[in-house]
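Provided herewith is a single structure, encoded as structure tokens, for subsequent inquiry.
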Amino acid sequence: MGFRFRKSKKLGKGARITFSKRGAGLSFGGKGLRLGVGSSGPRARATLPGTGVFYEKRFGTSKKAKQHSNDTAGSLSGQRQQAGSARKQAEAYRDAWEGWMEQLRTFHQADVEEVDWVGEAEALPPFTEEETGPNEAAARRRLEAYRPTIFDRLFRREHKKRAALKSELENAKQEDRALYEAWQEDVARAKRMVAGDPETMKAEIMSAGAAELLKNLKGRLDVQSIATDTAVLRLFLTDDEEVVPHVRYHVTKTGKLSEKNLTKTEYYALWRDYVLALAVLVMREAVAHTPLEKVVVHVQGPDADGSESTIFTVGVRRDLEYQLDQTHLPLTEIVEELPHRLNFLKTKGTRAVQPLEEEDV
């Protein structure tokens with residue numbers, strides 16, 4: 001019950017060169033973003049392992065120009081080709097970098113699947129206990145339909161084949177038992193969820209996509225408190241530059257990659273959007289995956305003074321759930337319609353705020 005994203009490092013730092021029979025290759029970046037150039041051509045991929053979130057750009061490579069030591073024209077052509085390849089590599093890195101920064105701002109746009117717990121609680125069994133399971137039935141048909149061929153008799157394979165089919169039949173019975181037990185467990189879990197069992201809802205929240213995503217972003221999600229109808233969640237975020245970049249790249253007229261620090265305004269705007277996007281995503285998933293009537297999210301992270309504080313707090317009631325799904329709107333507009341506290345300064349970032357109480361939502 002996770003989600004799928006629609007959209008799905010520094011040069012020098014994290015660089016690695018590899019050698020193989022096909023030639024030398026260079027890759028650089030952290031776990032979140034790696035760019036590579038090798039014998040198969042340039043590639044750029046920003047990814048979060050285990051989440052399915054990625055941005056990728058690939059470039060085809062033209063056939064290597066034939067080298068003719070006495071052919072000046074061929075030499076010049078090769079130089080132009082190399083220059084063009086270098087530009088493509090630089091553009092690939094720049095595009096992947098920009099794609100990653102855009103991804104940080106749009107985590108809230110994930111496709112979050114709403115779970116019909118009532119429907120799951122009322123789901124019919126795959127077969128009744130008096131019936132033969134589907135796997136067993138299919139295996140039994142294969143066993144009964146077996147007729148030894150002349151070669152089976154000639155090479156005395158009949159007994160071996162019947163034994164194999166009987167073994168398949170026993171395995172099929174076990175598969176059906178597992179299928180039936182899984183149905184029992186799913187129905188029991190759904191009934192606990194419909195009844196508002198806190199531990200079941202907590203387990204669902206902590207096993208969903210947002211919690212795993214936060215781990216890969218060097219953060220984490222905690223359930224601070226949870227009752228039958230209300231949950232208070234806390235996100236812990238880091239401003240590690242391997243997650244939230246402090247620089248951006250552009251390609252010069254000569255095709256070289258140039259690095260430039262983000263301005264304070266650019267960086268803090270990116271950081272704010274990153275914080276809001278993850279908070280909205282966590283709320284969307286908690287509301288879609290549980291019967292909770294109210295969800296409150298506190299975001300813990302570095303404030304404008306460098307201290308670890310609550311830098312954003314927001315809540316949603318189920319009757320305002322529609323607001324969370326307006327993902328085409330700017331993040332600030334989505335949040336504006338919800339109870340929240342955010343003290344953001346363009347050149348200083350997010351300041352500490354007082355967390356919302358449950359009664360404030």
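Positions of Cβ are set from backbone N, Cα and C atoms, glycine also.
Curation does not apply to TrEMBL; its annotations are automatic.
Residues or ranges marked as coiled coil by TrEMBL: 155-186. Among the features that TrEMBL reports, compositional bias 'Polar residues' is placed at 70-84. The domain 'DUF4236' annotation in TrEMBL covers 3-55. Annotation source TrEMBL lists region 'Disordered' at 61-89.
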Using a Cβ cut-off of under 8 Å, list the residues of the same chain at least 6 residues beyond the coiled coil (155-186) that approach it.
120, 123, 125-127, 129, 132-136, 138-140, 142-143, 146, 148
Take the domain 'DUF4236' (3-55) and average the pLDDT across it for me.
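Within the domain 'DUF4236' (3-55), the model's average pLDDT equals 42.
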